[in-house]
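Colleague: Structure below; questions to follow.
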Amino acid sequence: MVKYIIKALVEVDGPVDEHDIIGAIFGQTEGLLDDFDLRELQEKGRIGRILVKLQRRGNKAVGEIYVPSNLDRVETALVAAMLESVDKVGPYPARISVVEIIDVRAEKIKKIIERAKEILKKWSQEKSVDIREILKEISETTKKSQLIEYGPEKLPAGPGVERSDTIIIVEGRADVLNLLRYGYDNVIALGGATTKVPETIKKLAKEKIAIAFVDGDRGGLMVLKNLLSQADIDYVARAPPGKEVEDLTAREIAKSLSNLIPASKMKEELLKVEKLQKEEVKEVAEKAEKVEAEEVVKKEEVAERGEEMESKAEGAEQPTATALEKAAAKEEVKQEVKTEEEKVKEYVMFIPDSVFEKAKEITGTLRSVLYDSQWNIVAEVPAKDVVSAIEEKGAYAVLHDGVITQRMLDVMSLKGGRLILGRRVARVSKRPKGVFVVLLS
């Protein structure tokens with residue numbers, strides 16, 4: 001490492017070149033001091049390469065000489081003095097005068113100190129940044145930079161769809177953005193085509209491992225059925241019950257994708273459900289036919305009695321008409337009851353486990369919990385205040401540790417509510433349509 005640099009000015013009364021001056025320095029200092037022969041010092045690395053910068057001014061040559069030195073301060077000063085002893089370059093008089101010995105380490109330290117001051121000043125001026133702002137900025141950047149349009153249908157997708165050997169198929173653009181936010185770039189959306197699967201999706205599903213990732217509600221099941229019937233899907237992932245893919249956290253996404261169900265198994269499960277539904281419909285139809293047959297028998301009996309009494313009174317056919325009306329009414333009631341039961345089953349299927357855990361928690365406390373359509377808790381109030389809470393805040397579902405009353409059902413219907421979960425129901429004169437009661441065991 002160079003410790004010092006000797007800087008000297010040179011002036012020669014004649015037209016000389018740089019190598020002439022360097023040769024004169026070595027030649028005229030040789031033999032002056034035995035231990036300070038410049039050639040030997042250079043060979044040992046004690047001094048560096050001598051640099052000369054010249055300019056011509058008429059018949060004169062003027063310039064600067066630089067000699068790097070690894071010697072100590074005293075020895076460097078001695079070399080500097082030796083330079084000044086040179087008084088000729090070739091046949092021309094010359095003058096060399098040392099103007100400065102630069103301490104390289106000191107200069108380096110000086111630069112370090114100045115730079116440290118600049119860094120500290122800049123650092124002091126910068127304000128501390130909120131981590132939430134950083135995360136938001138990164139998130140927004142990810143959204144804007146990574147979302148692409150793929151295929152002739154211009155489907156919302158991530159940049160990894162083309163290069164990855166696995167794709168994740170979701171329903172819409174918002175689902176794609178949410179998965180991109182958490183680093184899943186091999187995602188593509190149906191683009192609103194929930195009934196007819198786009199050709200681009202079909203083609204990708206044939207070429208790659210395809211994962212269908214759908215919402216945890218009835219709509220998600222419908223999308224899944226269409227995908228399984230029209231595209232070559234390998235695995236199925238579902239959001240937690242009652243939740244949509246676009247609202248999931250990183251942990252929920254990872255959990256859903258780690259619990260993949262083979263598409264073949266999911267098809268079997270869906271077929272079983274459809275078979276059970278068909279059997280239930282068949283059973284209801286058979287019961288309705290039985291009721292109808294019984295009423296027809298009654299109708300015939302009434303008709304026979306009517307013929308016998310025809311001479312005594314008019315309108316003998318009225319009982320027949322009444323019997324038919326009753327049969328039709330009974331059949332209609334049975335169908336309505338069955339339809340309501342099916343709807344309740346569908347709603348119960350998508351109630352999160354956390355709600356049932358909450359039901360255990362509030363048992364015996366006479367409290368009520370109001371939920372929105374995403375099963376987020378809107379409010380938790382005493383059971384006696386539940387009606388006013390529904391009127392004020394509205395609710396998709398209510399978990400009620402108390403008696404479910406007519407007033408409660410009416411207010412839920414008025415506010416667009418759908419479910420009431422509880423253990424006891426009071427005498428209800430009229431149950432509003434669209435509001436369903438789930439009795440907990």
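Glycine too: its Cβ is placed from the backbone N, Cα and C atoms.
Checked Swiss-Prot, it gives:
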| type | residues | note |
| --- | --- | --- |
| DOMAIN | 165-241 | domain 'Toprim' |
| BINDING | Glu171, Asp215 | Mg(2+) 1 binding site |
| BINDING | Asp215, Asp217 | Mg(2+) 2 binding site |
| COMPBIAS | 299-315 | compositional bias 'Basic and acidic residues' |
| REGION | 299-320 | region 'Disordered' |
Colleague: Tell me, what is the mean pLDDT of the domain 'Toprim' (165-241)?
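Modeller: Average per-residue pLDDT within the domain 'Toprim' (165-241): 89.
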Colleague: Have a look around Glu171 (Mg(2+) 1 binding site) and count the other CB atoms within 10 A of its CB, chains all included.
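Modeller: Cβ-Cβ neighbours of Glu171 (Mg(2+) 1 binding site) within 10 Å number 25.
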Colleague: Could you break down the residues of the domain 'Toprim' (165-241) into DSSP helix, strand and coil, giving a count for each?
Modeller: 31 helix, 18 strand, 28 coil
Colleague: Sequence gap of 6 or more, Cβ distance under 8 Å: name the residues on the same chain that satisfy this around Asp215 (Mg(2+) 1 binding site), in order along the sequence.
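Modeller: The answer is Glu171, Val223, Arg238, Ala239, Lys243, Glu244, Val245.
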Colleague: How many neighbouring Cβ atoms, not counting its own, are there within 10 Å of the Cβ of Asp217 (Mg(2+) 2 binding site)?
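Modeller: Around the Cβ of Asp217 (Mg(2+) 2 binding site), 19 other Cβ atoms lie within 10 Å.
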